[in-house]
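Engineer: Okay, here's the structure, questions in a sec.
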Amino acid sequence: MEEHDGRLPKQKKVKVVFVLGGPGSGKGTVCAKIVEQFGYSHLSSGELLRKEIKAGSEHGTMIQNMMNEGKLVPSDITVRLIQKAMQETDNDKFLLDGFPRDEENVRTFEKLTKIEPDFILFLDCPEEEMTKRLLSRNQGREDDNIETIKKRFRVFQESTLPLVNYYASKGKVRKVDAARPVEAVFESVKTIFSSANEQGA
Ligand SMILES: Nc1ncnc2c1ncn2[C@@H]1O[C@H](COP(=O)(O)OP(=O)(O)OP(=O)(O)O)[C@@H](O)[C@H]1O
Ligand SMILES: Nc1ccn([C@@H]2O[C@H](COP(=O)(O)O)[C@@H](O)[C@H]2O)c(=O)n1
Ligand SMILES: [Mg+2]
């Protein structure tokens, strides 16, 4: 068994925060602000997968089909994209936005990177509010339609929330009420990251 030493293959010691929350809870919005204020690099797994589709890569069509159904892409593909992006980024602090989504994501990430997250930022938001946000997002995402949104909510409830509960039982979850205006959400997030900085996390 390999040692679990929190290093990528290039021997870079890194800090990772998983940013979780339902579809439309504001993960991308809040990550952009954390980047500005705390110097993390933001890697959205959904965004990395969408880039694969646009690039017409080997797995592009399969990824597109899974996304349009609100289903999860095989972990091996997602984790390798994240790992590559981390290795290409000259930073030692990463926000993994929308990752992990299920147990298989976690197992694959641990196996390939040997990294444990410092903590999990969890954006808690009711479905009604998330639906409203997604339907008015206007970013041209094919999965922002009501049928797919309902499927994405189901995957979140069945596969991602149990993970959040698991990490909570280990004292690793920092939960924020994400149903408030962006500025109020970010005030809470700032407190969490400032405290993590002080503790050297
Ligand atoms: N606190 C907030 N109050 C109101 N609107 C918000 C808030 N946070 C984000 N939004 C808006 O809601 C929409 C969804 O936000 P965002 O893209 O950040 O969510 P997400 O969690 O990354 O979604 P997904 O899981 O689909 O990628 C965007 O149009 C964004 O501007
Ligand atoms: N770990 C992940 C993350 C995302 N996906 C797929 O991408 C879709 C969009 O994700 P967003 O975070 O941008 O909302 C998601 O519905 C999945 O189809 C994934 O498979 N695995
Ligand atoms: Mg997003």
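Cβ coordinates come from backbone N, Cα and C, glycine included.
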Engineer: Among Arg174, Arg180, which residue does TrEMBL annotate as binding ATP at the site that also has Gly24, Ser25, Gly26, Lys27, Gly28, Thr29, Arg137?
Structural biologist: Arg180
Engineer: Considering only the binding-site residues Gly24, Gly26, Thr29, Arg141, Arg180, which possess a Cβ situated under 6 angstroms from at least one atom of ligand 2?
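Structural biologist: Within range of ligand 2: none.
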Engineer: Can you count the other CB atoms that lie within 10 A of the CB of Arg50 (ribonucleoside 5'-phosphate binding site)?
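Structural biologist: Excluding its own Cβ, Arg50 (ribonucleoside 5'-phosphate binding site) sees 18 Cβ atoms within 10 Å.
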Engineer: About how far apart, in whole Å, are the alpha carbons (Cα) of Thr29 (ATP binding site) and Arg141 (ribonucleoside 5'-phosphate binding site)?
Structural biologist: 16
Engineer: Just the binding-site residues from Ser25, Gly26, Gly28, Arg137, Arg141, Arg180 whose C-beta lies under 6 Å from any atom of ligand 3, please, or none if there are none.
Structural biologist: Gly28
Engineer: Among the binding-site residues Gly24, Ser25, Arg50, which have a Cβ atom lying under 6 Å from any atom of ligand 1?
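Structural biologist: Checked binding-site residues vs ligand 1; flagged Gly24, Ser25.
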